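Asker: A single structure is presented below for examination.
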């Protein structure tokens, strides 16, 4: 008995939800959350109390748009790298959920909108700082540093420090030593945070030919550098005490968090001296705690004015 072949139509195209989800994924929402977590507490610190709801919302929306722009443009620049790395190959461009030109236009439009939004609704100093961070991340880090030097994240990571400045200037309209100190805290925090993650995915970076330090240097060398930056971060976090009015709460939290961070960093170095396997190194312990460290430190800075 002959078997009839059932004609099949073309595969269904992506739904509107799929398309929206792909564009949202281009902005890397988790990174935006972390950036905003350093912006809003600084606004409370600058206000020495509760800032106005409107200025907070305007700054948060503008900052999210600016960070989303930088992340989308980074996806365009790094599309070939993302294709070769297991950790990133499911991003929208490698899986062709969004076209390269569409992603480029999307990122540029977000950048323009965020610049105007912050300039008109917050102030032009905050807008200029957000634009500078965007350009530095896309051009300085993604295009110039990432593929050329193992110190890429040290200098390129400076773009992620700008939210501390933006949060302060959104309230005061000017810069001061307090946000500069917090800028430097994030600067010294970034290498331990990112190198811990890069140790976990060092084979991915090697396969993609990205000279991230853990993929080109012995793990013990990386761990020693992590310890050095952790000490610099801990010391810098205490400088906020003398440069801006703080009570007992912020320094107490800063010291406690620094001790735990340093213990984790030194433990990573100790493990790196005995065994180079990922199972032994457990680098994600430090990575996950580094997220908690930054969040709790900035929240402590925001809460401190209420406890004096």
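Quick reminder: no glycine exception, Cβ is built from N, Cα and C everywhere.
Annotation comment: TrEMBL describes 53-77, 98-118, 124-145, 152-171, 177-201, 222-241, 247-265, 286-307 as transmembrane segment.
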Asker: Cβ pairs under 8 Å only, please: of the recorded stretches 53-77, 152-171, 177-201, which one is richest in them relative to the transmembrane segment (286-307)?
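Answerer: Of the candidates 53-77, 152-171, 177-201, 177-201 scores highest.
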Asker: Report, as numbers and ranges, every residue of the chain located at least six residues beyond the transmembrane segment (177-201) whose Cβ falls under 8 Å of a Cβ in that stretch; write 'none' if there are none.
Answerer: 38, 42, 45-46, 85-87, 153-154, 157-158, 160-162, 164-165, 167-169, 212-215, 219, 222, 225-226, 229-230, 232-233, 236-237, 239-240, 243-244, 261, 265, 268, 278, 281, 283-284, 286-287, 290-291, 293-294, 297-298, 301
Asker: State the non-local partners of the transmembrane segment (98-118) in its own chain: residues 6+ outside its ends, Cβ under 8 Å from one of its Cβ atoms.
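Answerer: Distal contacts: 19, 22-23, 26-27, 58-59, 61-63, 65-66, 68-73, 75-76, 79, 92, 124, 126-127, 130-131, 134, 166.
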Asker: What else in the chain is close to the transmembrane segment (53-77), if you only count residues 6 or more beyond its ends and a Cβ gap under 8 Å?
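Answerer: Contacts with the transmembrane segment (53-77): 26-28, 31-32, 35-36, 39-40, 43, 91-93, 100, 103-104, 106-111, 113-115, 117-118, 121-122, 126-127, 130-131, 133-134, 137-138, 141-143, 159, 163, 166-167, 170-171.
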